[in-house]
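Each remark here refers to the structure printed beneath this line.
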Amino acid sequence: MPRPIQATIHPEALRHNLERARQAAPDARLWAVVKANAYGHGIERVFDAMRATDGFALLELSEAERIRQLGWRGPILLLEGVFDARDLELCSRLGVWHSVHCDQQIDWLAAHKTQQPHRVFLKMNSGMNRLGFTPERFRSAYARLNALTQVEEISFITHFSDADGPRGIEHQLQAFLGATQDLPGERSVCNSAATLLHGMEARVRNDWVRPGIVLYGSAPDYPLHTAADWGLRPAMTLSTQVIGVQQLQAGDSVGYGSTFVADAPMRTGIIACGYADGYPRHCGTGTPVLVNGVRTRVLGRVSMDMLNVDLTPVPDAGIGSDVTLWGTARNGTQLSIDEVAAAAGTVGYELMCAVAPRVPVVVEGAA
Ligand SMILES: *Cc1c(COP(=O)(O)O)cnc(C)c1O
């Protein structure tokens, strides 16, 4: 038997979450963001459940090719645009739309020979200072693009730095609306947090929303809201089993560095999951974990291939007992990936993207 660790993808949860994102912005078309191999879930594994989307947004032409191979004829958007002039040829061939965020990308388009004019999303740096033209330079970039025969249609895109936090979107929205006001074209501004919080607002003018993380069942603004608060369901369960049991006496320590010391007799379970599986080493004593669907805690340091859990709340647990690191246990109890991520000082995004290649992945309900 292989090591018992496994990741399970839940298509029903993906379908539900996509519908949930739609409800949040009912008048918008929806880009399902599937960059980073669908946030670690696997493009091929999520594709069927996400067919109800209007388009797929991603970063790599190789990912776009995979989506076309799965039979998708609809829109695909490269969120960072092309990385090289030669990429434009493949964009033409695959019918892929792409962001344009810098002058070089306009130069490449101007030199590109194509029968098929491109649809592009001109990107504004409205304050995040990552990619895009500043509001001052936006209109001249638009004019350049608009003069190219290689370009068929221009839409406008920007990205919020604080949609999930106290600063909010207002300062960036004003910059974006101000500079695009009288330009003809569709607009796309909302990531998951902005879709949930502002998807219905007419002034945001959502022609296309771009939810990513919510599709996978994680709350973009945790701990302000939980995934359950937003009506989202975990799209991935990371599970394993107890492979060893120890009976500790008062004063006994657990794991590398002896960071946990028992103050009374207790039973611990050793489970087949460690940081080489993608479980964060920063999850210290107290990080929640489910054993037989019962909530308990990690003890001591996470090793490469194993970690220790407290079996006190589950006295009947032993070798072979089910362990849920995040997601949904067999008895239906849920443990949010956001809670585990918070214990490691990070976000659900990082954990789902970091599940290691050695972890087998199955799709629930697949033959
Ligand atoms: C990743 C990404 C998104 C999706 O962000 P979430 O927070 O996962 O919803 C949207 N737009 C762009 C440009 C992105 O890079």
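Using N, Cα and C of the backbone, Cβ positions are placed for all residues, glycine too.
Unlike curated records, TrEMBL annotations are generated automatically.
Positions annotated as active site, proton acceptor by TrEMBL: Lys35 (among others). Listed in sequence order, the residues of the same chain lying 6 or more apart from Lys35 (active site, proton acceptor) and placing their CB within less than 8 Å of its CB are Ala57, Leu58, Leu59, Glu60, Glu63, Leu79, Gly212. Annotation note: Lys35 (active site, proton acceptor) sits in a helical segment as assigned by DSSP.
Under 8 Å, Cβ to Cβ, and six or more positions away along its own chain, Tyr256 (active site, proton acceptor) finds Gly300, Arg301, Ser303. Annotated active site, proton acceptor per TrEMBL: Tyr256 (among others), in sequence order.
Annotation source TrEMBL lists substrate binding site at Arg130, Met304. Close to Arg130 (substrate binding site) in the fold, though at least 6 residues off in sequence, lie His159, each with a CB less than 8 Å from its CB.
Summed and averaged per residue, pLDDT over the domain 'Alanine racemase C-terminal' (235-364) gives 98. The domain 'Alanine racemase C-terminal' feature in TrEMBL is assigned to 235-364.
Under the heading N6-(pyridoxal phosphate)lysine, TrEMBL lists Lys35.
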Legend entry - Structural state of Tyr256 (active site, proton acceptor), classified by DSSP into three states: helix
Legend entry - Distant-in-sequence Cβ neighbours of Met304 (substrate binding site), under 8 Å, six or more positions away: Gly274, Tyr275, Ala276
